[in-house]
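Asker: First the structure, then my questions, so here it is.
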Amino acid sequence: MVTRPSRLNPPMECVRLHDAQTGLDGVIAIHSTTLGPGAGGCRFWTYPDIDAALADALRLAEGMSYKNALAGLPLGGAKAVLRRPEGPFDRAALFRAFGRAVEDLGGSYITAEDVGTTVEDMHEVASVSRHVAGLKPLEGLAGGDPSPWTAKGVFDSMRAAARFALDSDLDGLTVAVQGTGNVGADLCRRLADAGAHLVIADPSPARRDRLQHILGAKVVDVEEIAEVDADIFAPCALGGALTPHSVARLKAKLVCGGANNQLATPEVAGLLVERGITYAPDYVVNAGGIINVSAEYLGEDEAHVARRVAQIGPRVTAILERAAREGRSPAAVADEMAEQVIAGAQRVAA
Ligand code: NAD
């Protein structure tokens, strides 16, 4: 068990996961349970060592507390990060071992898909634990891959933010999409339908070439995507896309994408303001997936998910308007709003 100081109380709880037999190696970080059980997906990715996985889990779990609070969900924030084994491994056995660790937490952590995990993985978890969502939907109820709902929220946010920052609809604008995985590809399809021009980058040829052929997207190298001539930059890969280096080179006047933890450090939010670039806060924009996960876990229907996801665009507009009025970064405004939600619940509980 590891703890570290956190922006919220109490400090974060971390559980180390290690099972030599299946190759399970990672961490579950529970950042806050004030609003409800800690909820956040399970990332399955290559990390050089457990410290790198732990650092990612801590940042992601904190982000989930803020995301869930601002989305109005009865959930705290948590995340699981698993290191992908280097050699061959039994994927089903590894996810069952993970599921047993989730079950041992007795419901204080609810898991679902994230980068590198699938609906099938979550079904392995579900074979040993109740505390999982992102499963194949039951008739009439929410469920399944959360990515389409995430992409819908990102698209609505982008349309709202473009109206605010660029005084324009998406039709005719150029959007640079970094990462064309589950969220990025769905976002690209929605943008193409809305008449936007696409520039895309992804290290996976299969993922980017498909969109190049179907949607006529222009493909560039992953190193170039943040610097291309575009109206909007949409980070949809892993975190940390916005660094002092990348922000200094951005040509886009709006950043709005699905990736978690887009700001490499909190100071980058100020650099964006200085450059006159509008930033739609990542965890506000990409809340559609966890809204779907929450509804599934609570047994709610799809209409409920649609109603909550429809609130994301207006919420982004309200944050951008307040940030402009108060001369602050939208990231700072969103953080403050989320902290107020959590502090309010702490007062009620006290
Ligand atoms: P994914 O694994 O399906 O897609 C990620 C894509 O990014 C992959 O195609 C990968 O090849 C690509 N990529 C990796 N490094 C890259 C780089 N340097 N430049 C360009 N592309 C790169 O994952 P996803 O589910 O689409 O999630 C994408 C992001 O959105 C993640 O940050 C995730 O945490 C966040 N997110 C996802 C959801 C969801 O519902 N899936 C919800 C909220 C947030």
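Positions of Cβ are set from backbone N, Cα and C atoms, glycine also.
The active site, proton donor/acceptor annotation in TrEMBL covers LYS79. Residues annotated as NAD(+) binding site in TrEMBL: GLY179, THR180, GLY181, ASN182, VAL183, GLY184.
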Asker: Using a 10 Å cut-off on Cβ-Cβ distances across all protein chains shown, tell me which of the binding-site residues (THR180, ASN182) has the largest neighbour count.
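Answerer: Of the binding-site residues THR180, ASN182, the most buried by Cβ count within 10 Å is THR180.
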Asker: Pop the Cα-Cα gap between LYS79 (active site, proton donor/acceptor) and GLY184 (NAD(+) binding site) into the table, whole Å please.
Answerer: 21
Asker: For the recorded NAD(+) site, enumerate neighbouring residues of the same chain (Cβ within 8 Å of the Cβ centroid of GLY179, THR180, GLY181, ASN182, VAL183, GLY184, site residues themselves excluded), in sequence order.
Answerer: SER147, VAL177, ALA185, ASP186, LEU187, ASP202, ARG207, CYS236, ALA237, GLY258
Asker: Would you mind ranking the binding-site residues GLY179, GLY181 by how many other Cβ atoms sit within 10 Å of each Cβ and giving me the lowest?
Answerer: GLY181
Asker: Out of LYS79, GLY181, VAL183, which recorded positions lie by ligand 1, with a C-beta less than 6 Å from some atom of it?
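Answerer: By the Cβ criterion, which requires under 6 Å to ligand 1, the hits are GLY181, VAL183.
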Asker: Secondary structure at GLY179 (NAD(+) binding site) (DSSP, helix/strand/coil)?
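Answerer: Where GLY179 (NAD(+) binding site) sits, the three-state DSSP reduction gives coil.
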Asker: Taking the Cβ of GLY184 (NAD(+) binding site) as the centre, how many other Cβ atoms fall within a 10 Å radius?
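Answerer: Excluding its own Cβ, GLY184 (NAD(+) binding site) sees 27 Cβ atoms within 10 Å.
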Asker: Rounded to a whole number, how many Å is the Cα of THR180 (NAD(+) binding site) away from the Cα of LYS79 (active site, proton donor/acceptor)?
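Answerer: Just about 23 Å between their Cα atoms.
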Asker: How many Å lie between the Cα of GLY179 (NAD(+) binding site) and the Cα of LYS79 (active site, proton donor/acceptor)?
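Answerer: Approximately 21 Å lies between the Cα of GLY179 (NAD(+) binding site) and that of LYS79 (active site, proton donor/acceptor).
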Asker: To the nearest Å, how far is the Cα of VAL183 (NAD(+) binding site) from the Cα of the residue listed as 'active site, proton donor/acceptor'?
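Answerer: If we compare the Cα positions of VAL183 (NAD(+) binding site) and the residue listed as 'active site, proton donor/acceptor', the gap is 18 Å.
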Asker: For LYS79 (active site, proton donor/acceptor), name the DSSP secondary structure in the helix/strand/coil scheme.
Answerer: strand
Asker: Compute the C-alpha separation of GLY181 (NAD(+) binding site) from the residue listed as 'active site, proton donor/acceptor', stating it in Å without decimals.
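Answerer: For GLY181 (NAD(+) binding site) versus the residue listed as 'active site, proton donor/acceptor', the Cα atoms are 20 Å apart.
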